[in-house]
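J.: Right, I'll just put the structure down here and ask away after.
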Amino acid sequence: MGILGLSKLIADLAPQAIRESEIKNFFGRKVAIDASMCLYQFLIAVRSEGAQLATVNGDPTSHLMGMFYRTIRLLDNGIKPVYVFDGKPPDLKSGELAKRAERREEAEKALKAATDAGDDAGIEKFNRRLVRVTKEHANEAKELLTLMGVPYVDAPCEAEAQCAALVKAGKVYATATEDMDALTFGSTKLLRYLTYSEARKMPVKEFSYEKLLEGLSINSREFIDLCILLGCDYCESIKGIGPKRAIELINNYRDIETILDNLDSSKYTVPENWNYKVARELFIEPEVANADNIDLKWVEPDEEGLVKFLCGDRQFSEERVRNGAKKLMKSKQAQTQVRLDSFFKTLPSTPNATNAAKRKAEEAKKSANNKKAKTSGGGGGRGRRPK
């Protein structure tokens, strides 16, 4: 689910935090990609040009086709992807998972009704709702990535949290996902639509964590509370509080505890046994692997291994697979080109460092004004009188 209404809220109140770019503008960047989100996109995507979507046994292969060709496209544009796979969901997510199971049952009933009625549009619509990424899909994708020479990371828990940890550690530039909660986990950059097909012609949307905090006039802790009020995967939200009211409450009271002390109970009903504190801690201290211990390496592809894996039962065109392998090799050789800013190490930003820089700038400005005042006011010269 991500965070309900967050994207629009940022667009309305902190538009400077969003930048649209072409994919080529991320040349030389390392990006952590939410693998499950990608696989879901690939599984529901409508394929054209006579592409094979299943094995001889009828098992889907669209997730492998998508992973293969989209990854090649990223590498063609000088982007180094690392895919991050979900681990076990946190216990607090069980409520959201139960809701998804209910929606799945409803979709199954609706699909049967659409099938009985011969409603082709309805059949397609509800079939898409029933798609889910399985462990087998993920394992096949990992095997494919290994053969392509592209690294992946198994997150102990949420992939978005692990992506954010890689960004904060300086291992990668950004998190690529459609789920906005990567920002709630503290990813300093979020890229949306990066793995969309070229045919959709969607510019990549880059969200800046620092600029959104500045635009919303809140700090990182307050941003987490805002996201909980908007609606997240870990607890219920307060019915009747939409995005506009949520940011007003955060700006007025700064945290959920104070909001609850001042909330009009005749207008809003707080969920019983509301686990907002546990949800907050999940965002502040998520279960992630230590990013410093993760070694990311992009190596040469195994062309023969790719042919063996994708052709045969999976029915990929050998010619296209070999052409793809050659593109991978070419991209690997071109990786010697680097961005100019890669020569300068960027240290992870911290609130203390930012505040110190601001204080230093203010002190320098104050010192300059004092000198100016002394120069213009001293000795009876023709300088301007101090105001």
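The backbone N, Cα and C atoms fix where each Cβ goes, glycine too.
Quick paste from Swiss-Prot:
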- 1-104: region 'N-domain' (REGION)
- Asp34, Asp86, Glu158, Glu160: Mg(2+) 1 binding site (BINDING)
- Arg47, Arg70, Glu158, Gly231, Asp233: DNA binding site (BINDING)
- 122-253: region 'I-domain' (REGION)
- Asp179, Asp181, Asp233: Mg(2+) 2 binding site (BINDING)
- 336-344: region 'Interaction with PCNA' (REGION)
- 345-387: region 'Disordered' (REGION)
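What does the local environment look like for each feature on the list?
T.: Per DSSP, the secondary structure of the region 'N-domain' (1-104) breaks down as 54 helix, 17 strand, 33 coil.
Of all Cβ atoms in the protein chains displayed, 29 besides its own lie within 10 Å of the Cβ of Glu158 (Mg(2+) 1 binding site).
Listed in sequence order, Cys38, Phe42, Thr195, Ser197 are the same-chain residues six or more apart from Arg70 (DNA binding site) with CB atoms under 8 A from its CB.
Per-residue pLDDT, averaged across the region 'I-domain' (122-253), gives 95.
A coil conformation is recorded for Asp179 (Mg(2+) 2 binding site) in the three-state DSSP classification, outside any helix or strand. Using a 10 Å Cβ-Cβ cutoff, Asp179 (Mg(2+) 2 binding site) registers 23 neighbours.
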J.: For Mg(2+) 1, what surrounds Asp34, Asp86, Glu158, Glu160 with a Cβ no more than 8 Å from their Cβ centroid?
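T.: For the Mg(2+) 1 site the neighbour list reads Ser36, Met37, Val84, Ala155, Ala159, Ala161, Gln162, Cys163, Thr177, Asp179, Ala182.
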J.: May I have the DSSP-based helix, strand and coil counts for the residues of the region 'I-domain' (122-253)?
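T.: Per-class counts: 69 helix, 16 strand, 47 coil.
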J.: Rounded to the nearest Å, what's the C-alpha distance separating Asp34 (Mg(2+) 1 binding site) and Asp233 (DNA binding site)? Just drop the number here, would you?
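T.: Cα-Cα, rounded: 16 Å.
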J.: Mind checking which of Glu160, Asp181 has the fewest other CB atoms within 10 A of its CB? They're the binding-site residues.
T.: Asp181
